[in-house]
Amino acid sequence: MKIKVNRLLLCIILFGTFIKQLYSYIGIEYILIPGSSYGYQQLARGDKITLAFELIVLISIVLLFFIESKVRKKFFTLGYRLTLLALVLGIMFWEILTIFQNGLITTLYSTTAPHVYLTALCVCIGMDESLFNVFIKYIKWIGYLSLGLSLVWYLVFLQTHPNGLLGNSSVLTFYIQGFWFLCIWSITEKKTSSLQVLVTIGIGAFLAGLFNSRSWIIQCLIWAVVYVYYTSGKKGLTRLFKVIVFVSLGLVIAYFLINHYYPQSLDLLIKKMGTDTRSFQYEDLFSQTNLWDYIFGNGYNFQYYSASMGGMYSYIDNSYLLMLVRYGLVLGLFYPLVFVIPIIKTFKNRSIRNKTALILLMWLAALGGLSVYCAVILDLKSIALAALAGYSMRENKKSLSGKKMYCQIK
């Protein structure tokens with residue numbers, strides 16, 4: 001009966017979040033990004049329906065975490081438990097403070113309020129082997145569906161803005177979601193076809209080029225190298241050479257396809273290659289803050305003046321700085337540790353493959369600003385990467401247990 005409850009909660013978490021994301025963008029018009037003459041964004045819908053879905057998903061995440069108590073005790077180290085405890089206590093403190101400052105409704109409607117970091121509790125999905133196997137089956141098809149939806153929405157975007165550049169939108173939201181889902185599936189599913197995975201990576205790189213996203217082209221290249229190298233056995237260097245050839249051919253094919261069918265997209269991508277979209281944020285932020293701001297935090301309402309953005313601005317394309325300047329070390333340290341701990345343990349344990357650790361490193365790099373529009377919010381990618389961290393902890397513990405049994409038998 002317990003397994004059925006776990007699976008029910010997992011379905012609620014996955015499909016509830018997916019439906020909420022779909023509903024959030026249906027019928028939403030594109031508007032110009034402030035300060036831009038050709039960049040467009042979609043502001044996702046936030047109403048009572050989206051709020052209801054988010055509350056249901058949050059409650060399901062917390063319930064699932066507590067239901068998986070036996071799994072937590074089996075695979076969580078003391079340090080990992082303390083990390084999660086400190087994170088949850090920090091979330092509770094800042095959530096209560098945010099509610100006092102802004103009111104309950106405003107806090108719940110926010111996509112970046114402290115409660116979104118509760119997605120870290122989804123590590124319990126990866127800790128439970130049977131539950132994670134179900135999770136992998138779901139995310140494969142949700143991943144392909146997400147990439148398909150991103151392409152459809154992009155074609156719709158081109159009908160009204162043929163020369164426009166995409167900002168935060170349904171296109172990138174579902175593309176990024178599909179990328180992470182299929183990336184996780186490719187390195188955790190035991191029975192995967194190398195050809196299918198490489199074609200999937202090629203599609204991902206093609207779409208990233210089509211959407212003028214240089215950062216996600218880079219992530220696709222890293223994904224290809226990680227997958228081929230760690231699934232190639234003793235012929236790693238040979239297979240790595242093959243993937244370089246494959247990726248090069250893929251990029252050439254993608255170039256000609258995009259240039260032939262969507263030349264405006266290629267022109268915008270080439271134009272964007274030499275554009276700096278980060279430095280001004282760091283200069284503005286650091287000139288208006290001090291060390292204590294990053295240690296203790298300034299709260300959810302923190303803003304800084306940005307002439308480039310036309311006034312007071314509350315966001316920065318670096319999730320670590322955003323966490324620190326808003327919520328201090330209590331969130332800015334312990335949330336990343338949820339992923340850093342399994343990475344370190346996996347690299348230390350040489351008897352298991354390091355591919356999960358490298359995917360988690362890709363996630364941490366994305367949060368640090370490598371990839372655009374990749375922040376911690378209550379969405380499927382944040383849930384999936386936390387599940388992968390739990391999976392990495394479980395595989396590491398199983399490997400160490402196997403070593404001890406081998407030594408005892410020997």
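Cβ coordinates come from backbone N, Cα and C, glycine included.
Listed features, source TrEMBL:
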type: TRANSMEM; residues: 48-67; note: transmembrane segment
type: TRANSMEM; residues: 79-100; note: transmembrane segment
type: TRANSMEM; residues: 106-126; note: transmembrane segment
type: TRANSMEM; residues: 138-157; note: transmembrane segment
type: TRANSMEM; residues: 169-187; note: transmembrane segment
type: TRANSMEM; residues: 194-210; note: transmembrane segment
type: TRANSMEM; residues: 216-233; note: transmembrane segment
type: TRANSMEM; residues: 240-258; note: transmembrane segment
type: TRANSMEM; residues: 320-344; note: transmembrane segment
type: TRANSMEM; residues: 356-378; note: transmembrane segment
* Does the transmembrane segment (216-233) reach the transmembrane segment (106-126) with at least 3 CB pairs under 8 A, where each pair is 6 or more residues apart? -> no
* **Contact yes or no, the transmembrane segment (194-210) and the transmembrane segment (79-100), 3+ Cβ pairs under 8 Å, gap 6+** => no
* Spell out yes or no: are there three or more C-beta pairs under 8 angstroms between the transmembrane segment (169-187) and the transmembrane segment (356-378), with each pair 6 or more apart in sequence? => yes
* Taking the transmembrane segment (79-100) as the first stretch and the transmembrane segment (320-344) as the second, find out whether 3 or more Cβ pairs fall under 8 Å, excluding pairs closer than 6 in sequence. => yes
* Asked: Have the transmembrane segment (320-344) and the transmembrane segment (106-126) got at least three CB pairs under 8 Å, pairs 6 or more apart in sequence?
  -> yes
* Long-range Cβ neighbours of the transmembrane segment (138-157) (under 8 Å; 6 or more residues past either end) -> 10-11, 14, 18, 22, 25, 30, 40, 164, 166, 169-175, 177-182, 184-185, 189, 200, 203-204, 207, 210-211, 380, 384
* Structure fact -> Under 8 Å Cβ-Cβ from the transmembrane segment (48-67), and at least six residues away from its ends along the same chain, one finds 2, 5-6, 9-10, 12-13, 16-17, 19-20, 23-24, 108-109, 115, 118-119, 121-122, 124-125, 378, 383
